[in-house]
Structures are given as structure tokens and as C-alpha cells.
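Database features (TrEMBL):
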| type | residues | note |
| --- | --- | --- |
| DOMAIN | 298-403 | domain 'FAD-binding FR-type' |
| TRANSMEM | 6-23 | transmembrane segment |
| TRANSMEM | 43-63 | transmembrane segment |
| TRANSMEM | 101-124 | transmembrane segment |
| TRANSMEM | 145-164 | transmembrane segment |
| TRANSMEM | 184-206 | transmembrane segment |
| TRANSMEM | 227-247 | transmembrane segment |
| TRANSMEM | 259-289 | transmembrane segment |
| TRANSMEM | 520-546 | transmembrane segment |
| TRANSMEM | 566-584 | transmembrane segment |
Amino acid sequence: MVVFVGYILIWFMMPTKTFYLQWLPDIHAKTDSTYFGQQGANILIYTFPILFIATLSCLYLHIRKKMDDNNTERRENVYWKSWSRPVLVKGPLGIVSWMELSFLAMFITLLVWSFCSYLHSMFANINQQAAQMRLSLWEAKLESSALMLGLVGNICLAFLFFPVTRGSSILQLIGLTSESSIKYHIWLGHIAMTLFTAHGLCYIIFSAKTNQISQMLKWNQVGISNVAGEVALVSGLIMWGTSFHAIRRKIFELFFYTHHLYVVFVVFFVLHVGSSYSCVMLPGFYLFLIDRYLRFLQSQQKIRVVSARVLPCQVVELNFSKCPGLSYSPRSNVFLNVPGISKLQWHPFTVTSSSNLEPEKLSVVIKSEGSWSQNLYDRLSSSPRMDRMEISIEGPYGPSSTEFLRHETLVMISGGSGITPFISIIRELLFIANKATSKTPSVLLICAFKKSEDLTMLELILPASGTNFDISRLQLQIEAYVTREEEPPTETLKLPQTEVWFKPNSSDLPVYAILGQNSWLWLALIVAASFLVFLVLMGVLTRYYIYPIAHRIDVMYSFSSKSALNMLFICVSIATATTAGFLTNRKQQRVAYKTRQIQNMNAPTPSTSPSAWFHNTAAERELESLPHQSLVRATTVRHGTRPDLKKILMVRQSSSAGVLVSGPRTMRQEVAAICSSGSANNLHFQSSSFSW
């Protein structure tokens, strides 16, 4: 906490004269050596504190995971819950809690403070600078303003990569996930590109008015490289232009592929500002690179698909083999790639299985809502048996704790395929209710579907292979609403549920933790070791290569060359440390899996199972198992109406009711508005969605 507060103070002091004229020169004097030079001071100020916080966060999360495994109770923070209540429901920012609004206000304050401080510092001697440079006063102010816009934009860039680092320990430390943090990345991206665009336009106007257009085409060896900045700005504008909501929703592939230009943007940004000043944005990008390389290593392995359930409502449940040692929290998600459909596209899906209830299986549910998912559904529904389907997985990623267990009551509201995050919660509660001595919260599941055939998604609440757990021990009530059909079908429709089974393949592996069971501990080691390797390489480069050349010819070494070498050393250090950790854990996991592989190869293939579907008739259908019968008894189906969410939520009498919603934006906004009202102090709102 002390390091974090100190880092924030440095950010607020950075634009001031005291920082530049007193603190920074003093730090440079103490760190300016032939080993690191000025860059060493910037690394000490900007880079080291965040990487140190990330390392400590990993250690804390490792200890907390061990405490959770040992069923150690943690005290509920009521004060923190009050800050998580939604305050803004509708608007360009989406659903915003008091905590988010507070951080947003502090961030805007930081930007405004930096803007004003930079202007005050730059305009203090603007008349003398204009006379020395033979410029008019407004031209000198325009150049200073352009520089100021770039400096403030760099602050946004420093935070830009944190929300998209899926395995980030810093996000987990403050209770966020990559899924819930996407909106912060969008906010920061819009602000950063607005500032950088204004920065570039001001310099274009300045160059045109002072007849220095030719300077825009020069690549300076020392100082700022204009061409590199122009390339970075153009690549950033392309990403920005394709990231707006209308384009992102209608032409997702265009948004997806153009966003890979972030590599070009970052590389040329570093070449533009130099390696020393790029230390401001280095921590976030450094942690992102580690996470991205881990994802790359995991994605190279094909995962064994055990079976698939094909439902008549254009829904598929994929069941993967999983290492028993891999544990994850409910509402986690994975990213899937099917090379047979597209080698480049990765799509996120919620994990519906419970790592406790199903220790050797991981399941996801996919609804056909686009060309990629429709192609997958068509392939699986065409044949009840397939030899093999190549699939790669990244993840799972998700919350580090099961906070929903702290509530007395859980009200889960879903629309359509939004039911998938709640399936894993119900399965986890089913395991706890049958095995643990602690009391589980009562559960009310409100789900809205368009057609009666969509009710078959309720079958996914129970695992495909069946379970010996007694679902009646779980206080579960399901209220299903069919909104586009006034009455239930007059005839019992035969809606077959097909199970597709895949032949085992010796080259496929189960889903596994990329860094083993002690993943947080290994991640802390990778962050620390890679940064240490980078410092050593940078010190050797400066002492034995850059310094002798600059000393011999008595000129400054090329900024661009030094920046390129530093970027190369960052990649080498991250690749070395991460690969070492990955190979060590993969060897251990392969040894543990070797004994199970023979059993999986010889496992019998079950026959196709029948389906079941829910409808509101007088006669109750016979089901194959008691768990299914209990599920049917707990379910009430209503046709031709929508749930009265306000009435349902306001009658909750428990002192702590967790309200979880997953579905369309209008549904999430309606629930958030109810929970934010003054008469609903016992309702604690949470939303699950990749869109906001």
C-alpha cells in the first residue's frame, strides 16, 4: 500500500516544476552511470514500483488461494459492498458503480492537474522561448500545447494495457476480471487517441505555419523522431476508427484484425519518444507481454474434446478433458479457437462446469448467433460420432474468489444464452450443499427465453454424464419465461438432444493450468526474474557497447537504435523466463497425465442419451433420473409474459441478497436501476457481460 500511494504521488508531482527541476535531476545524478544512464532513473521511478506491486499481488493471491483451499473464512467487507452499488445506469459509460465513479473522478483530476501543471510550466517563460526560437507568441504556445497534449496522452497510455491483461494479478487484487475491465480499456483508448490526435494536428499546423513541413519527414538519430510518431499515430487512428460500437458489432472481423496493429503502434511510439520516456508506459505493456506470451504457449496445444451435447435450440455444450489439479471459480471464461473454422479467430465463452463437481471435465456452452458459432453447430449436429475436432484453449480466466457464497439469497436473472454464467454457480452450490457442512444460499433463477424450444437450455444445469448429488438439498427455484409464445405447445414436441462422442487422440492434452497449481507463485517468479534479466542485459549493453561508442566519437548514441535494442532485450528476457516456467510445469503435468491417458484411450463410448424439455402441461413426463425430476419440480414456466423484476427483487427479505444479471443491455440496466434505489439496501448488484 505504501508503494502504491507513493507511486500515485509521483504521478501527481510529475508535471510540476519541483519534479523536473529538483527531484528528477537529483535522481539522475545518483543513478546516472555508465551502466544504466538516464534510463535507469526513469525505470526506478516509473517501471519498478508497478512491477513490484504486481509481484506482491501474485504472492498475496497465492496465499489467499491456499487459504480458500483450506476453507479458511474471510471477513465480509460491508463497506466495500456499499461502494460497489451502481450509481450511473444509462449513458455512454454504461453501468458505473460508486467505486468506478470515484476512480474515474480521480483519473480525470489527474489528467486535468497534469494539463494545467504542464501549461503553467511551459508558459512560464514562453516569451523568452519565442524570442530565442524566432517565433511569434501564439506559435510558441501552439508548440508547447502540442507537447503538453502528448505528455498527458502518455498518462492514459500507461494505464491502457492493464484491463486487457487477462491473467493480471493487479486486476485480481482489486476484485476485477478481464471480462469486467474491457470497458476501462475502451474509455482509456478513446481518451488517449483524442489527445494523441490533437497532439499530431497541433504539430501539423505548427509545421505548416512555420514552413517546417520537411521536418515531418525526418528521422532524427537524437531526440524525437517525427516519422516514427506519424506511423504510430496512423496505426492508432486505424485501430480507433474500427473500434467504435457500430463497426465493432457489425464488422467484428475488421475490428479484430486491425486491432493487431497495436504492435506497430507501440514499437513506433517507443522509437518516437525514446527508451527513457517510454518507461512511463512500460509497466502495463510489460505485464501484458508476459500474459500474451503465456497465452501463445498455451494456444499451441490441442485439447481433447470428450463429447458434445447438441440441443434443438441451436445450442452446443462442449465437454473437454481437464487435469484434476486445475481449479477455477464459477463464472470463469475461456477463449476457443477451432482451426477448421478459422485459424485466427478466438471467441470467449463462459465455463459452465464446476471444477469441484466435475474434477476431470471442463464444459462451455455456445449458442449459434454468428457465422462462426453456426458453422460449429452445423458440424456437430451433422453426425453423432466424430473422429476428432481440433480445438485450442486459452484460460480459464475469472474471479479469484466465490463471493456469492457470502449472501443469504442469490437472485440470478438471465436473458437467452445469458444463463451460462449461472450454470457454473448452481453446479458449485450443488457440490457444496452435498459435501460441505456450511450453509449454502437459497437460489432464485429468473430466465427469459424467446421460444419454448429454448427451455432445453435448462437441462444444461445438470452435467451430461449425470451426477449422484441430490439436487433437492439445494434451495433452488427456477422461474422461466417464454416471451414470444402466448401458450405452451398443444402437442408434446419431440426435440431430440444429441450427444456427439469423439475418439481419443494421443496427441491431445486435457485443459491444464499453464503454470501449474501454484500459478500465482510462478507468475511472481517470472515477473521478477524477467525484469532482473532485462536490467542485466540493459546494463551490459550500456556499459560495454553504447558508452564506449559514444565516448570514442564524442556524440550521443542513436536514440532509435538504443530503443530498438531495449525492446529486443525486453522480449528476450520475457521469453526466457516465461518459457522456463512453462516447460518446468508442463513436464510435471505430462508425467501426472501419462497414467490417465491409457485409461482414457480405452474408455467405453456411451450411447446417445435422450433429451428432455420443459413445458407447462398437467401431465408430468417421466425422466431418467432423480436429479432431473428434482429439477423439473423446481421449475415454473410462464408463457406470453416478461418477469416483473422490480416486484421480484423488492420482496427479498434477506439481509444480504446477491443480484446477478447476465443478458441484454436493457435487462442489465433495469436491474441496476432497481438495485441502486434507496429502498434496496439489501440488494448487491453484479453484472456478467463482455459488452457494456
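Residue 1 is the first one shown; counting continues down the chain.
Glycine is treated like the rest: Cβ placed from N, Cα and C.
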*asked:* Counting by DSSP secondary structure, give me helix, strand and coil numbers for the domain 'FAD-binding FR-type' (298-403).
replied: 14 helix, 42 strand, 50 coil
*Have the transmembrane segment (259-289) and the transmembrane segment (566-584) got at least three CB pairs under 8 Å, pairs 6 or more apart in sequence?*
yes
*Taking all residues of the domain 'FAD-binding FR-type' (298-403) together, what is their mean pLDDT?*
87
